[in-house]
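K.L.:
As annotated in Swiss-Prot:
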- TYR399, SER481, ASN483, LYS491: 2-oxoglutarate binding site (BINDING)
- 142-151: compositional bias 'Basic and acidic residues' (COMPBIAS)
- 156-166: compositional bias 'Polar residues' (COMPBIAS)
- 232-242: compositional bias 'Basic and acidic residues' (COMPBIAS)
- 1294-1304: compositional bias 'Basic and acidic residues' (COMPBIAS)
- 1420-1437: compositional bias 'Basic and acidic residues' (COMPBIAS)
- 1444-1459: compositional bias 'Acidic residues' (COMPBIAS)
- 1471-1481: compositional bias 'Polar residues' (COMPBIAS)
- 1489-1500: compositional bias 'Polar residues' (COMPBIAS)
- 427-593: domain 'JmjC' (DOMAIN)
- SER246: phosphoserine (MOD_RES)
- SER260: phosphoserine (MOD_RES)
- SER276: phosphoserine (MOD_RES)
- SER852: phosphoserine (MOD_RES)
- SER856: phosphoserine (MOD_RES)
- SER1318: phosphoserine (MOD_RES)
- 142-186: region 'Disordered' (REGION)
- 216-262: region 'Disordered' (REGION)
- 1274-1305: region 'Disordered' (REGION)
- 1400-1516: region 'Disordered' (REGION)
- 283-333: zinc finger (ZN_FING)
- 666-718: zinc finger (ZN_FING)
- 1144-1209: zinc finger (ZN_FING)
Amino acid sequence: MEPGSDDFLPPPECPVFEPSWAEFRDPLGYIAKIRPIAEKSGICKIRPPADWQPPFAVEVDNFRFTPRIQRLNELEIVVEEGGYEAICKDRRWARVAQRLNYPPGKNIGSLLRSHYERIVYPYEMYQSGANLVQCNTRPFDNEEKDKEYKPHSIPLRQSVQPSKFNSYGRRAKRLQPDPEPTEEDIEKNPELKKLQIYGAGPKMMGLGLMAKDKTLRKKDKEGPECPPTVVVKEESGGDVKVESTSPKTFLESKEELSHSPEPCTKMTMRLRRNHSNAQFIESYVCRMCSRGDEDDKLLLCDGCDDNYHIFCLLPPLPEIPKGVWRCPKCVMAECKRPPEAFGFEQATREYTLQSFGEMADSFKADYSNMPVHMVPTELVEKEFWRLVNSIEEDVTVEYGADIHSKEFGSGFPVSDSKRHLTPEEEEYATSGWNLNVMPVLEQSVLCHINADISGMKVPWLYVGMVFSAFCWHIEDHWSYSINYLHWGEPKTWYGVPSLAAEHLEEVMKKLTPELFDSQPDLLHQLVTLMNPNTLMSHGVPVVRTNQCAGEFVITFPRAYHSGFNQGYNFAEAVNFCTADWLPAGRQCIEHYRRLRRYCVFSHEELICKMAACPEKLDLNLAAAVHKEMFIMVQEERRLRKALLEKGITEAEREAFELLPDDERQCIKCKTTCFLSALACYDCPDGLVCLSHINDLCKCSSSRQYLRYRYTLDELPAMLHKLKVRAESFDTWANKVRVALEVEDGRKRSLEELRALESEARERRFPNSELLQRLKNCLSEAEACVSRALGLVSGQEAGPHRVAGLQMTLAELRAFLDQMNNLPCAMHQIGDVKGILEQVEAYQAEAREALASLPSSPGLLQSLLERGRQLGVEVPEAQQLQRQVEQARWLDEVKRTLAPSARRGTLAVMRGLLVAGASVAPSPAVDKAQAELQELLTIAERWEEKAHLCLEARQKHPPATLEAIIHEAENIPVHLPNIQALKEALAKARAWIADVDEIQNGDHYPCLDDLEGLVAVGRDLPVGLEELRQLELQVLTAHSWREKASKTFLKKNSCYTLLEVLCPCADAGSDSTKRSRWMEKELGLYKSDTELLGLSAQDLRDPGSVIVAFKEGEQKEKEGILQLRRTNSAKPSPLASPNTSSSATSICVCGQVPAGVGALQCDLCQDWFHGRCVSVPRLLSSPRPSPTSSPLLAWWEWDTKFLCPLCMRSRRPRLETILALLVALQRLPVRLPEGEALQCLTERAISWQGRARQALAFEDVTALLGRLAELRQRLQAEPRPEEPPTYPSTPAFDPLREGSGKDMPKVQGLLENGDSVTSPEKVAPGEGSDLELLSSLLPQLTGPVLELPEATRAPLEELMLEGDLLEVTLDENHSIWQLLQAGKPPDLARIRTLLELEKAERHGSRARGRALERRRRRKVDRGGEGDDPAREELEPKRVRSSWPEAEEAHEEEELEEETGGEGPPQPLPATGSPSTQENQNGLEPALGASSGSSVPFSTLTPRLHMSCPQQPPQQQL
């Protein structure tokens, strides 16, 4: 495939390995195991086990680095076509233009040639050194220097300064600056100051100061420039090397100096070490042509003051350039400076991991125009190689490469004192796969190098982004490398096996010859990137892989590899060397010698260091070191022999390991010497290895001498120690083989075998098959000894030994054979033989006893016990055990079935049958089993009968159950269901006794007692006739209570029936009443005992109930009086809002009532919102027709308001209550509610009698007569157009005239004085009556009667007591009208009631219309919908949260249940019989009530019968 092709074909995948946990525990062992397969590919990938996930240990916040800049299109088209000269020679510029996609024609090739020659070609000439060929070079500018190796190792490593910690000597000193020569400040040195060398012009060579002005002969400089500080160093051979001390480039130096505020008089210089050289005579002649003519064309170098004709330079310059100019030699010298990074330039910005990741992800997302995680790896790979080959697109990326882990921290946990590690981190910190640990493992060669070689022993970190790449290279010293990707996107690798390394180098040289001509070791500089397809097209085998997070990639010795990153990631890499690497390491040194490349460490020193301590070496490593050492000694002998043949006999010992690396390097091949080197007395600054003895110097051989580390006699001694160490395994293996095979006929003792195993462990022999056999033999022998000791101790333990640990007779014999076959002697064999003899004797005795059956059970049992003490299972012992078990089973059956024995359970019987199946068969056993089975069958049948009786829905009478129990008594088995049936029958008898006792008592039974008996009777599995009677009584009692509840309780009432019937116990506490009203949970109501203050036992005594009720009446009255005083002291909501008081009224809604719309309760004197409570209706009284009935007076309007806290029930009429009492008399059950109802009735009748008595007084009768006369006079007078006014009589009621036709309709809607109006019964147009009432209010005057205080006070007290009664009485209404007539009309309340009624009617009509529309829509759709909910038609107060708002509907239901008994009516109007009686006198009307047809005396005997012991004065 051509390099310029757009399609990239991925190479085949490299091998991928997934080790098991057992394999993964030995890293280098596993790598050695896969090496035969993976080495053929050069690289491989290893996926650790899924559970191996090391934590990321880098301190992210403190991790800062500066990446390198990479440009992807470094190999360009011209280089690919063979270079500038080749293209010009073959006239291929048109081909170049075609490859650059320019259109043919138009002389594009010529234009490209001119641009290339002007811009790029000078750089290529500089790179190749062609512009220095004709230069009259100084002695150091020779050909050898041009090809001298540029120190870089991997160049990126060289650009990073070594660690501040223990650096390995050679590398650390190589990168450290030379020892600083003496520096002098010219200003401070008077001798130097006299020289006056500040201006332009030639300077003395010895001072090393150069003139800055390159246009020396032109005087057009605009101002003085500060000359750069330069250093002239004299080399050992008299050479002079000019170096700039500034690390910046020339342009940067110029820019910095031109802006520097420092004066141009301060210089730093280095004094020469040797002043014996001849003085340099400066002349203004061209260094190329050695002529001085045409001085206007002479160009002065700003670095070395050499002169050049601009036309002599290659390529020539058209004119003298402006600014700083350096000659080719100075440019070459500057570029050869070791401290400068070769390869990719360093970026200027410092990144953190977060900022670099944001930059990397942003770049990739912008470049690919899609999310970074969605870009396919194949697409990135193709795009990368397209960009590498492209010259049109200049894509620049940054790569955080070669970051020193010692300074920035490793990605793996490291065991150091900086921070405490968790147990999980500690595990990974010591793992062999931790890249900080792997290079220094015991099997690794690098662990024998003390110094931390950066990049080899100390890992480096790599932070990559998309397209950031690493070029084709092999590792230093051809070592292994391992790379772990901690996290991030994949890293793509390409690898070439070591067998094809030279082939790859040849292809590279063939494709880019110019680069390799100038730099033979180009592939060692990590700056060469070539398309894998190009290599494959030339026959180089290439493999690839994508390394994902958590995976390892291993490169093998001399395996070329390269790759790039798919995106933002973080990797870590390190080198390691194993025993198999040693031959490759030696070959690498020879290869470095040919390339004159520096070594990272001395291979000879490493071998000798390992050979000096052979006992510390791994056995395989010792064998490999011995082999390498032998080759090295042979070569050393040959080289030293060549020295003798040359006549060099002088020698001295030298500890080369103590010398810095740069002081023991061969000046020819740059190899680091260790075993020996050749030096010269006259040239002390240089030495050579023994392979280049002819390249040291020109001095005589007599002046040269050998510097050696070891003598030729010491090297064989070291070699011998290695051999002993390497062959020690063979000696040991021979001993082990003889011991295991018993070749000499003598079994070794256990101690001898343990000594051999201990020797292998101490000398770290490899885990071979022979060692495993020895360990297995020892393990087996120790197990046999332990088992034999256990056998002996088991006999001593006797019957207390664990049964599961016994061995069989066959196992005992096999165990003895095993001990005899082991290759070691054990004295426990005799003990085992003795036990075997005892067991065989016992076996013979047991056989004899079994042959003479039936034997006595005692004899069999004794034999069995003796066998157990032996500790060995004998087959005959099992037969003895079965015979003993048979005898025991028969005895147990006999005891169980004996008549005198305790009855056994069914489980016991079944257990005996199951156990009998496992005993030895015999006729006696069969007979016993048959008897057991028959008995068990009968018992189960009766048990099933009892179970059916207990579980059946149809309960059986007690007589039936008694018969079943009697028949089951004859079975000698304990039957649980029969026993349960007995217990149920006993409970039934006890229950019947309790029923008889409670029914025959002095009093009727209480409902709670009956309910308890019913609940118990229902749970009994016995048919009870009495239960049905009790259930009927309880049902009747519940029905009566439900009927009473409907009569008294409002819908959703928060009170219980008993609470309503009893006096209000908390009438004096406003807060308690109010909180009770707000309570919605019925489960929190007070119990009966709390209401009456009696115990459960006292509630069964009717006398106690009556006494408690009487006490409750008194407490209720006292409480309400206290509450009235408290509430009267509260400010009125109708008063001024500025009135401030700590005690304010609170409505049932929880808010403070204020302003118009507030009503005051006539009983408790508290204030409420009119919209939150049920209010009276003004026109609640029935009306005559306009022609027959007079108008009502204002005192007859219904303005009386009782709050829901005082009016707790519906307050039925006395007639309804008497009907309930009649039904109660027929109940044979006592209820707390019934007795409370009797007390309430007696209290109401008592109050009614007192009220009638008060109304019958003469003064009261006279007042009532006046009201009757006034009513008659109003009836007889004609109706005027305007309502008349009178000072002492009530105003006429225009509503009675104008809307008399509507009164029957209104009367039908008003029940019990309640204000609830049903929208079905009110026409939408009604409302004129309310308007008439509103217009009449300003003309109302009063009072119409004058009530003396002596008359008013008793009536008000009676009114108070009557309002406390939860019963409606006509006398209450009469007293109310009389009191109202004696007071002025309450206009504020009347207005409030009118406004509330108007608002209510308006809301009812709106809801009625909406409901009618909904009903019509449903009918139109054809659906048969139910009638809308009643709550939707009721007014706002009905739908409120207060239960009283919905009592109207329940009152209608109450009428139907009580036979048409309606709510209480007010005092009859004129024209009725009662009115006629009142006109003639009130006495007849007060003498009888509408409900007096049922005298109370007929009801009281029930209550009196309940308490015959009470004295007459306490009875009602």
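Cβ coordinates are placed from backbone N, Cα and C, and glycine is handled just like the others.
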K.L.:
Rounded to a whole angstrom, what is the largest C-alpha distance between any two of the residues TYR399, SER481, ASN483, LYS491 that the record assigns to 2-oxoglutarate?
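P.N.:
In whole numbers, the farthest two Cα atoms are 20 Å apart.
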K.L.:
For ASN483 (2-oxoglutarate binding site), which residues in the same chain are close in space, meaning a Cβ under 8 Å from its Cβ, but six or more apart along the sequence?
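P.N.:
For ASN483 (2-oxoglutarate binding site), the qualifying residues are LYS491, GLN547, PHE552, VAL553, ILE554, THR555, ALA571, GLU572, ALA573.
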K.L.:
Calculate the per-residue pLDDT averaged over the zinc finger (666-718) and state the result as an integer.
P.N.:
90
K.L.:
Do you know which of the binding-site residues TYR399, LYS491 has the most other C-beta atoms within 10 angstroms of its C-beta?
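P.N.:
Answer returned by the neighbour count: LYS491.
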K.L.:
What does DSSP say about TYR399 (2-oxoglutarate binding site): helix, strand or coil?
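P.N.:
Where TYR399 (2-oxoglutarate binding site) sits, the three-state DSSP reduction gives strand.
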K.L.:
In terms of DSSP three-state secondary structure, what is the assignment for ASN483 (2-oxoglutarate binding site)?
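P.N.:
Going by the DSSP assignment, ASN483 (2-oxoglutarate binding site) falls within a strand, counted as strand.
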K.L.:
Taking the Cβ of SER481 (2-oxoglutarate binding site) as reference, which residues of that chain separated by at least 6 in sequence fall under 8 Å from it?
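P.N.:
Those within reach of SER481 (2-oxoglutarate binding site), by Cβ under 8 Å and sequence separation of 6 or more, are GLU475, ILE554, THR555, ALA573, VAL574, ASN575, PHE576.
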K.L.:
Just give the helix, strand and coil counts over the zinc finger (283-333), going by DSSP.
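P.N.:
Tallied per class, the zinc finger (283-333) gives 9 helix, 7 strand, 35 coil.
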